């Protein structure tokens with residue numbers, strides 16, 4: 001009996017030695033789920049039932065077979081065809097192939113979308129600056145819709161550019177320049193039957209240092225919303241005496257509209273060349 005009892009500790013020790021010989025797995029590793037192979041092809045993960053077109057979106061774009069190395073898609077081809085037709089239509093309805101001239105001996109300087117009109121009168125230099133960007137008034141939903149019998153040219157509303165413009169008046173050897181910020185009120189556009197009405201108005205008036213490229217906000221600016229009407233009328237007469245009147249404003253709209261249409265056609269042509277990668 002005693003030899004048998006002596007064998008028990010030895011057996012237990014051997015068993016414990018066997019347990020310590022095999023390292024135990026960490027608890028964190030046991031809690032992690034075992035990885036399972038994906039049973040669905042990757043190409044079907046983003047495709048909904050009944051959609052046979054979306055699988056093509058997962059494929060990388062293939063360069064053109066012409067060897068240019070550029071990307072040409074069916075959408076680009078349709079886009080180019082649309083732009084080609086659009087350019088033809090815009091050139092067909094273009095009123096002025098060249099920019100119209102202003103009466104009153106105004107000299108025109110154009111730099112992209114910005115234009116300047118310069119004139120000298122009795123020792124004074126008058127400069128009118130405007131930019132055609134965002135100069136097309138929005139089309140309201142309340143406008144009458146064309147009838148079905150009208151032509152496509154008649155259905156297209158005429159694009160009229162009415163930009164804000166700045167008038168600068170500088171005296172000879174003067175250190176200050178009188179600056180008048182003018183704009184076209186929307187309710188005055190097209191009211192040509194009212195002979196006494198001004199088609200443009202003065203919004204702000206200020207003095208700026210002559211020759212400064214940037215205007216200073218620290219200079220006092222007069223807002224005409226709260227201005228005495230007598231003073232406002234004198235300012236309008238001041239501009240009219242220097243050639244900035246209703247006739248000038250009408251011609252400025254015609255010039256700005258022609259310039260805006262010209263730049264729009266150029267933009268369409270550049271966009272077409274960009275899409276074609278030329």
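Including glycine, each Cβ sits where the backbone N, Cα and C put it.
Values in this document were obtained by computation on a predicted structure and should not be read as measured data.
Look at Swiss-Prot and you will find 1-70 tagged as transit peptide, backed by similarity to another entry.
In terms of DSSP secondary structure, the region 'C1q binding' (73-90) contains 17 helix, 0 strand, 1 coil. The region 'C1q binding' annotation in Swiss-Prot covers 73-90 and is backed by similarity to another entry.
Feature annotation from Swiss-Prot assigns N6-acetyllysine to 88 (among others); the stated evidence is a large-scale study or a structure entry. In sequence order, no residues are near residue 88 (N6-acetyllysine), counting only same-chain partners six or more apart with C-beta under 8 A.
Residues or ranges marked as N6-acetyllysine by Swiss-Prot: 91 (among others). Residue 91 (N6-acetyllysine) carries a helical DSSP state (H, G or I).
Taken from Swiss-Prot, the feature region 'Disordered' applies to 133-162.
Per Swiss-Prot, region 'Interaction with MAVS' is recorded for 165-209, and the stated evidence type is similarity to another entry.
Annotation source Swiss-Prot lists phosphotyrosine at 184, citing similarity to another entry. The local packing around residue 184 (phosphotyrosine), expressed as other Cβ atoms within 10 Å of its Cβ over all shown chains, amounts to 23.
With a 10 A radius on its CB, residue 197 (phosphoserine) counts 12 other CB atoms from all the protein chains. Taken from Swiss-Prot, the feature phosphoserine covers 197 (among others), and the record attributes it to a large-scale study or a structure entry.
Under DSSP, residue 201 (phosphoserine) is assigned to a strand (E or B) in the three-state scheme. Around residue 201 (phosphoserine), a 10 Å sphere centred on its CB holds 14 further CB atoms from the protein chains shown. Marked as phosphoserine by Swiss-Prot on the basis of a large-scale study or a structure entry: 201 (among others).
Secondary structure at residue 210 (phosphothreonine), taken from DSSP and collapsed to helix, strand or coil, is coil. What Swiss-Prot records for 210 is phosphothreonine, and it gives similarity to another entry as the kind of evidence.
Distant neighbours of the region 'C1q binding' (73-90): 61, 261, 264-265, 268-269, 271-272, 275-276; these residues of the same chain sit at least 6 beyond its ends, with a Cβ under 8 Å from one of its Cβ atoms. Contacts of residue 210 (phosphothreonine) defined by a Cβ separation under 8 A and a same-chain sequence distance of 6+ are given as 170, 174, 175, 176, 177, in order along the sequence.
Per-residue confidence over the region 'C1q binding' (73-90) averages 95 (mean pLDDT, predicted model). In this structure, the CA atom of residue 184 (phosphotyrosine) is 6 Å away from the CA atom of residue 201 (phosphoserine).
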